[in-house]
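**Q** One structure follows; several queries about it will come next.
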Amino acid sequence: MRCDRLWRNARLATCAPDRPGLGVVEGGAVASRDGRIVWAGPEAEMPSLEAAETIDCAGRWITPGLVDCHTHLIFGGDRSGEFARRLAGESYESIAREGGGIRATMRATRALDEAAMRAGAEARLAAWAAEGVTTVEIKSGYGLDEATELAMLRAARAIGRAGRFRVAATYLGAHTMPPEMDRAAYLDLVCRRMIPAIAEAGLADAVDAFCEEIAFGAGEVAAVFAAARAAGLAVKLHADQRAEGGGAALAARFGALSADHLEYASAEGIAAMARAGSVAVLLPGAYYVLREAKRPDVAAMRAAGCRMAVATDCNPGTSPIASLRLSAQMACVFFGLSFEEAWLGITRHAADALGLGGECGAIDAGRSCDLAIWSVDSLDQVLAWVGPAPLERRVLKGVDA
């Protein structure tokens, strides 16, 4: 069998669903052709391969390219001052009601043109590349008007076309209310105009919403999701972050790819998510920055068999964190995830949360050849340490990226 590239003499953590745990293979090899994995497994069992290029990994660890399944990477302005305000005792809600929070970023983002949006996000993404991330989700939601939201999604698509990352674009029009419109008019714009136009233009892979008292209620989100499903788009949800508002159950009702945050999600809502196949995306960065006390019910997620992913939630206000490795470590320390759960949470389960479960997130024949090659003796070192990543090489679609 011919292949373009062959990585041999490696230790693999395949994260493949047909292998137990992290799917560890000692003395492993991976072969790719036309950007896809054609074989992965023990080198001793490798079929006869004729490789155009062979890379001796010298015993290094290879994992799937990491997947960050929840980010707000396109934005304007700076909200670092809100950190000091919260330290002084102001709440997230009070800052938002006084024109800070999402609306502050909205004003700054509306002032950017599409080129500036793309340039800012690409500069930030250098930190993700340095950590072996190959797939990233990018949301809109900081424009809250037609022109800016479309520009954000076009910028996200342009970043994906540039080839350094696989980008899943998500329309988050129902993030908060823009100040210049009333609720009925804005929801009508989102549901009747924006979602159909975005779907027709292929600008988004999914539609997200923020289901909280300070944003949108369950009935309003249901209308947004109905419009998304009618347009053929998947749905995701910011759910039960600040209070139990039935977000997890709502996500399950619409067969959402994921529900994210979930600090206040009920055990019943989590069980409904598991039955619906929705992934629970844990966002410990926001929990940390907001100094929350309520943790997601990880025990209920385990008991229900609900897959767990971990993401940065990178945004300029409540999770200004540019490290998926740190987020995974936080999920272990703050939320009690195991080492295995954390790794699956930033690989296979994160891909599932984007509807990309058959495409990336595991080293498995037929998937895209997205790899992270680590200069470590043990995978423990990748998540145990905070700071520069011990990354040797990052591969996207079979090519060094």
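Think of each number as a place in line: the chain as shown, counted from 1.
Note: Cβ is positioned from N, Cα and C throughout, glycine not excepted.
Pulled the feature table from Swiss-Prot, pasting it below:
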{"type": "BINDING", "residues": "H70, H72, H238, D313", "note": "Fe(3+) binding site"}
{"type": "BINDING", "residues": "H70, H72, H238, D313", "note": "Zn(2+) binding site"}
{"type": "BINDING", "residues": "R79, Y142, H175, Q241, T318", "note": "4-imidazolone-5-propanoate binding site"}
{"type": "BINDING", "residues": "Y142, N315, G317", "note": "N-formimidoyl-L-glutamate binding site"}
**Q** Sequence gap of 6 or more, C-beta under 8 Å: which same-chain residues meet both conditions with respect to N315 (N-formimidoyl-L-glutamate binding site)?
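**A** In sequence order, T71, H72, F75, T105 meet the Cβ cut-off.
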**Q** Around the N-formimidoyl-L-glutamate site formed by Y142, N315, G317, list the extra residues of the same chain whose Cβ is within 8 Å of the site's Cβ centroid.
**A** H72, F75, R79, G101, I102, T105, G141, P316, T318
**Q** Highest CB neighbour count within 10 A among the binding-site residues H70, R79?
**A** H70
**Q** Including all protein chains displayed, how many Cβ atoms other than that of H238 (Fe(3+) binding site) lie within 10 Å of its Cβ?
**A** 30
**Q** Secondary structure at H238 (Fe(3+) binding site) (DSSP, helix/strand/coil)?
**A** strand
**Q** What subset of the binding-site residues R79, H175, G317, T318 lies within 10 angstroms of H238 (Fe(3+) binding site) at the C-alpha level?
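**A** Within 10 Å Cα-Cα: H175.
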**Q** Sequence order is fine: just name those binding-site residues in H70, Y142, H175, Q241 with a Cα within 10 angstroms of G317 (N-formimidoyl-L-glutamate binding site).
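**A** Those near G317 (N-formimidoyl-L-glutamate binding site) - Cα within 10 Å - do not exist; the answer is none.
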**Q** For the 4-imidazolone-5-propanoate site made of R79, Y142, H175, Q241, T318, how many Å separate the two farthest Cα atoms?
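**A** That value is 20 Å for the farthest Cα pair.
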**Q** Roughly how wide, in whole Å, is the group Y142, N315, G317 that binds N-formimidoyl-L-glutamate, by largest Cα to Cα distance?
**A** 12
**Q** Excluding H70, H72, H238, D313, please set out which residues of the same chain place their CB within 8 Å of the center of the CB atoms of the Fe(3+) site, keeping sequence order.
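**A** Result: T71, K139, D260, H261, L283, A286, A311, C314, N315, S319.
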